[in-house]
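Step one of this worksheet: look at the structure below.
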Amino acid sequence: MAASNQSEVNIGMVGHVDHGKTSLTRKLTGVWTDTHSEELKRGISIRLGYADCEIKKCETCDEPECYTVDKKCDACGGKVSTLRKISFVDAPGHETLMATMLSGASLMDGAILVIAASEECPQPQTKEHLMALDALGVEHILIVQNKIDLVSEEAAIENYNQIKEFTKGTVAENAPIIPVSAHHGANLDVLLKAIQEFIPTPERDETLTPKLYVARSFDVNKPGSEIKDLKGGVIGGSIIQGALKVGDDLEIRPGIKVTEGNKTHWVPIVTKIISLGVGGKKLKSAAPGGLIGVGTELDPNLTKSDALSGSLAGLPGTLPETLEKMVIKPQLLERVVGSQDELIIEPLKTNEVLMLNVGTSTTVGVTVSARADKAEIKLKLPVCADKGDRVAISRKIGSRWRLIGYGIIL
């Protein structure tokens with residue numbers, strides 16, 4: 001079980017740009033996840049945003065009115081008890097940021113697909129995000145039909161029917177569809193009830209060797225800080241198995257690129273965990289669930305501006321090898337989703353350049369050999385990954401990377 005300050009489950013907020021993912025996250029958590037200056041300017045999410053909330057229940061009111069994220073019951077003002085703490089991963093919906101969404105999907109135990117009732121369904125990234133969840137094995141999905149305050153009842157029903165048609169034959173075929181107005185906070189109690197019912201907390205085994213997917217990394221020092229006041233680099237991400245505690249040594253792979261003569265290789269970084277935190281609260285140990293900040297002894301230059309995002313961290317000597325070549329068993333989709341004309345997907349070809357997402361890392365590779373059941377890919381940036389891990393595969397079509405399927409590392 002995660003420490004009491006920790007979230008138990010990570011839920012992705014996915015969907016087409018501007019359909020209300022960030023607004024819905026804010027309504028549930030009180031946190032506006034677009035805090036990056038460029039995001040505020042452009043009004044879209046660029047990096048992964050994180051925010052936590054507690055689902056609470058009033059003991060006296062009937063369902064669904066009894067569910068809330070507030071300190072008191074919304075219906076009667078009475079006492080509430082906490083059922084579960086959850087973390088939202090707010091993924092960008094813009095097509096040029098698909099790689100960021102794919103790296104976020106590896107952290108998700110379940111997902112909420114946000115679809116605006118005010119637009120035709122499906123929009124390109126609605127399709128692409130659903131395919132990504134399918135490809136990366138995210139099975140517990142809820143659909144939020146947002147912006148119902150902007151349409152008539154007839155239009156909302158027509159949009160609902162479009163959603164049903166669109167999800168047929170996908171991982172979300174039987175997903176509940178919940179009409180919501182994030183702007184007015186309407187029907188959030190119904191959504192909270194559905195999260196409790198349809199997105200379970202995964203069973204975690206804390207005795208396994210710990211592994212942490214690094215999604216962000218920071219230099220938390222302010223410019224002009226005194227040397228004695230400088231803090232070590234901070235990494236942020238999700239523990240996917242096992243548990244880490246303050247004082248543990250930590251190995252981070254692939255690590256640092258070292259060039260000697262005309263040869264380049266990667267050296268893992270080893271450091272010590274100085275602090276663990278979640279949502280501003282300190283922890284002595286951390287288990288799977290939620291998004292954890294890990295304070296280290298690293299030079300902040302190594303962690304600034306997400307320099308270590310995409311890494312895998314764990315106890316020294318326990319991580320898988322760093323791969324500069326990858327052999328995968330590909331499973332390709334039938335058609336390209338997310339583009340206007342849905343082209344048939346051709347098999348992988350030798351010397352083709354592909355974008356690959358494994359864990360939270362994004363890399364580009366060239367296929368050295370390609371058969372229907374096996375492809376070998378030489379990576380531009382190495383990754384640290386295990387046999388059996390899923391890899392999302394994207395191909396450049398026109399000027400954009402498009403998801404074409406996934407592979408299993410052999």
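Backbone N, Cα and C atoms are what each Cβ position is placed from, and that goes for glycine too.
Under the heading domain 'tr-type G', Swiss-Prot lists 6-203, citing sequence analysis as support.
Among the features that Swiss-Prot reports, region 'G1' is placed at 15-22, with the record citing sequence analysis.
What Swiss-Prot lists as Mg(2+) 2 binding site is D18, G43, and the listing cites sequence analysis. For D18 (Mg(2+) 2 binding site), the number of other Cβ atoms no farther than 10 Å from its own Cβ, over all displayed protein chains, is 17.
H183 (GTP binding site) falls outside any helix or strand according to DSSP and counts as coil. Around H183 (GTP binding site), the C-beta neighbours below 8 angstroms that are at least 6 residues distant in the chain are G20, S23, K147, D149. The GTP binding site feature in Swiss-Prot is assigned to D18, H19, G20, K21, T22, S23, N146, K147, I148, D149, S181, A182, H183; the stated evidence is sequence analysis.
Reduced to three states, the DSSP call for T22 (GTP binding site) is helix. For T22, S45, the entry in Swiss-Prot reads Mg(2+) 1 binding site, with the evidence type sequence analysis.
When pLDDT is averaged over the region 'G2' (43-47), the result is 41. The region 'G2' annotation in Swiss-Prot covers 43-47.
The Cβ of C76 (Zn(2+) binding site) has C58, T60, C61 as same-chain neighbours under 8 Å, each 6 or more residues away in sequence. Annotation comment: Swiss-Prot describes C58, C61, C73, C76 as Zn(2+) binding site.
What Swiss-Prot records for 90-93 is region 'G3', and it gives sequence analysis as the kind of evidence.
What Swiss-Prot records for 146-149 is region 'G4'.
Separation of the C-alpha atoms of I148 (GTP binding site) and D18 (Mg(2+) 2 binding site): 14 Å, rounded to the nearest whole number.
Outside the region 'G4' (146-149) by six or more residues, the chain places 19-20, 23-24, 114-118, 156, 179-184, 186-187 with a CB less than 8 A from a CB of the stretch. The residues near the Zn(2+) site, meaning same-chain residues not in C58, C61, C73, C76 whose C-beta sits within 8 angstroms of the mean position of the site's C-beta atoms, are E59, T60, E65, C66, T68, K72, D74, A75, G77, G78, V80, in sequence order.
Across the structure, D18 (Mg(2+) 2 binding site) and N146 (GTP binding site) place their CA atoms 11 angstrom apart.
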